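Q: Swiss-Prot feature annotations, pasted as is:
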| type | residues | note |
| --- | --- | --- |
| BINDING | ARG26, TYR27, ALA28, PRO29, SER30, ASP62, TYR178, ARG196 | L-glutamate binding site |
| BINDING | CYS118, CYS120, TYR131, CYS135 | Zn(2+) binding site |
| BINDING | LYS237 | ATP binding site |
| MOTIF | 29-39 | motif ''HIGH' region' |
| MOTIF | 234-238 | motif ''KMSKS' region' |
Amino acid sequence: MPVPDHLLLELERGQRWRADGTYRGRYAPSPTGALHLGNLQTALLSWLQARQAGGVWLLRIDDLDTPRNRPGAVEAIQADLHWLGLDWDGEPILQSCRRGLYASWLSWFRRSGALFPCRCSRRELAGLARYPGTCRDGGAGWGWRDRRLPSWRLRVPSRDPDGSGDVVVRRADGFIAYQLATVIDELALGITDVVRGEDLREALPAQRSVYRALQQQPPRFHHGPLRCDAEGRKLSKREASSGLMALRELGLDAPAVVGLLASGLGYGPPGARLSAIELLEDLTQKGIRAGHS
């Protein structure tokens, strides 16, 4: 089925941005709480890579999962980035303002026969490396059953090189799935490079499957190191002590925090003090390309 003109226009605009050779990156936090040092370390790495390339760095707020959003979190994210000297280009992009775009793509996928309803619960699929195709051949039904709606899955060919299995593109609670929204946004915004934490590497196979379904090339992906607590666990937004507010209350200023984040990326010794611009200049003078080992 042909892609509707208004969706083609979105894709073509993104393709033009990517074709002009300009680096286009983004930082895409969720407003589910205050950013912790791991989030900020990824933001710094993404910003450094974009600025070294003389490119564009966008701020996208992934706020589709509204029950998990915290009041004031969007403003707090912007304030934290400003305080650290991480400037973005243009206005912040809210995914919640783009629901119509995602819904249009869902409608096109469904009308083209690429989707099927699935009633498997997370508990039923726990521990499986890939979706086994339980509901693929029909029978699950698109409507309400036992007071529940189905999730919608994208049919992924068994020969798909990433072996992701059929990808959820709309959750059973009606929310657009992360895997679809982020792919649509990277394409429509002309993103050339995605810098994110190592914990999101596992999302790559499913996202590549969505790109293939759209017959589009994915951006380049770079996965940065994670920050862990004293027990070796990944930092969580639930831990207030891992955020900027706790560090500022201890008397740390922006150069001290940038130095702390830089050391976590391997770009300086612990205890260094420098601004984001100074770090950018230092790496450039030394010929070190941020995000490239």
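The backbone N, Cα and C atoms fix where each Cβ goes, and this holds for glycine too.
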Q: Out of CYS118, CYS120, TYR131, CYS135, the binding-site residues in the record, which is closest to ARG196 (L-glutamate binding site) when you go by Cα distance?
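A: Out of the listed candidates, the nearest Cα belongs to TYR131.
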Q: Which has the fewest other CB atoms in a 10 Å radius around its CB: ALA28, CYS135, the listed binding-site residues?
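A: CYS135, out of the binding-site residues ALA28, CYS135, has the fewest neighbouring Cβ atoms within 10 Å.
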Q: Please spell out the DSSP helix, strand and coil residue counts for the motif ''HIGH' region' (29-39).
A: 3 helix, 1 strand, 7 coil
Q: With an 8 Å cut-off on Cβ-Cβ distance and a minimum sequence separation of at least 6, pull the same-chain contacts of ARG26 (L-glutamate binding site), or say none.
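A: Spatial neighbours, sequence-distant, of ARG26 (L-glutamate binding site): SER46, TRP57, LEU58, LEU59, ARG60, GLU186, LEU189, ILE191, VAL194.
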Q: If H, G and I count as helix, E and B as strand, and all else as coil, what does DSSP give for CYS135 (Zn(2+) binding site)?
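A: For CYS135 (Zn(2+) binding site) - judged by DSSP and reduced to three states - the answer is coil.
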Q: Write out, in the order they occur in the sequence, the residues of the chain not among CYS118, CYS120, TYR131, CYS135 that have a C-beta within 8 Å of the mean position of the C-beta atoms of the recorded Zn(2+) site.
A: ARG119, LEU125, PRO132, GLY133, THR134, ARG136, ALA140, SER151, ARG153, ASP166
Q: Would you mind listing, in sequence order, the residues at least six apart from TYR178 (L-glutamate binding site) in the same chain with a Cβ closer than 8 Å to its Cβ?
A: ASP62, LEU64, ALA203
Q: Around the C-beta of CYS120 (Zn(2+) binding site), how many further C-beta atoms are within 10 angstroms, looking at every protein chain?
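A: A 10 Å sphere around the Cβ of CYS120 (Zn(2+) binding site) contains 19 other Cβ atoms.
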